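In what follows, a structure is listed as structure tokens, so that the remarks can point back to it.
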Amino acid sequence: MNNISYSFPYLLFLFYLFLIVLWEFSLKAKGDRRLKKIRIVIWGSFLFFFGLRGFVNTDCLSYYPFFEGLKTVWDGYSYGYVLSEYDWEPGFITVVYLLKSIIPNYFVWTFVWTLIAIIALDSFFSRNVKYYSLGFLLFFIFGGYGILVNLMRGSIAMFIFLYSIRFLEKGDSKKYFLVNTVGCLFHISSVLYLLAYFILKRRLSFPFLLGVFLFLNLLYWLRIDFSNILIPIMNNISYERISLLVESYIEEGSNGELLSIGYIERCFTYIVVLMMYTKLARSKPDSIIYLNAYVLYYILFYFFWQIDAASQRMAGLFIFSYWIIYSDLYAILKIPNNKKLFLLLLLVYSSLKMISGQSQPYHQYKNILFNNERFEEAERRIQM
């Protein structure tokens, strides 16, 4: 049941972030390079909006019962028994197990989880973008909502990968693989980060990039389905969880919608990568990692288009590429009117995205400071 009013809190937060971006631009135009004020406002804003959220979106229907049912150190059960109760990754269970043993409150857990995410993003954007607040704005527009609200296990695996990029830049393969092996303890999808090592720093040719784009769009528009090849491949892998995930994703299928705002945006971004690949790579050598990450994002999204959940979640591992590519693109624009046009188009697109993407009952924003909704009430609302 669509209701545009559900998107209003997200629109307000979006406009608020745009104002912070303009504030940072104004400070830098005056020669003020200090980011302390901007960082404090960004941290406080995200902790308030996401860290203090109530029951929002669908994954809380899994995470809340998991947290409430999870044993603590004080319950007298062995650590091995606690792990054996769940089929989720041991790293995730261990962290939540320890946190609940200290403070057994679900909303404290979500707040701490959000704080960890913000610390990771702060480190990432401080190293990789010219405009700190623009990085957080792009994060919110491109995947940030889902990462902070719905993908708690996958998000930690992603943040661990973002930390490992410094080793990728230096060519330190041992540390890169070690760090991302730890990521697999939080979500098994981090295996893709291990495989991506062999692609992310390789310069891709224009004919290859164009061929990928044309081939994937041909598959998509002709509705050629390669999803079934995943089952026999995964059945030969000893880690049962991967096979179960793939089979469940295939059962969910696709929503069948061909042309959408998301399709147009992804194709537009790919064309930007295609046309600006050399220029962006020259402006900042490590940009090639993020350009190639977007190519992987596009491949994973459209090669398995038939499986909505799999394409979105596997491709989502590389959604961070948006945050850097568009930030770098804005930074290399020299003509002031082009910068203004960039921000205007970003505002229009992101507003439409919020209205169309956050309009279901389960998107309804709740903040624990103002709303004391019980889980049973939230469950009925989310399942409407």
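Each Cβ is built from the backbone N, Cα and C atoms, and glycine gets one as well.
Database features (TrEMBL):
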TRANSMEM  6-26  transmembrane segment
TRANSMEM  38-56  transmembrane segment
TRANSMEM  106-125  transmembrane segment
TRANSMEM  137-165  transmembrane segment
TRANSMEM  177-199  transmembrane segment
TRANSMEM  206-224  transmembrane segment
TRANSMEM  258-277  transmembrane segment
TRANSMEM  289-307  transmembrane segment
TRANSMEM  313-333  transmembrane segment
Distal contacts, the transmembrane segment (6-26) - CB-CB under 8 A, six or more residues away:
35, 38, 41-42, 45, 49, 131-134, 136-137, 140-141, 145, 343, 347, 350-351, 354-355, 357-361, 363-365
Sequence-remote partners of the transmembrane segment (258-277) [C-beta within less than 8 Å, at least six residues beyond its ends]:
204, 206, 209-210, 213, 217, 220-221, 291, 294-295, 298, 301-302, 322, 325, 329, 349, 352-353, 356
With the transmembrane segment (313-333) as the reference, which stretch in 106-125, 137-165, 177-199 has the largest tally of C-beta pairs below 8 Å?
137-165
Which sequence positions outside the transmembrane segment (106-125), separated from its termini by at least 6 residues, show Cβ-Cβ distances below 8 Å to it?
39, 43, 46-47, 50-54, 63-64, 67-68, 96, 99-100, 132, 135-136, 139, 147-148, 152, 155-156, 159, 162-163, 320, 323, 368
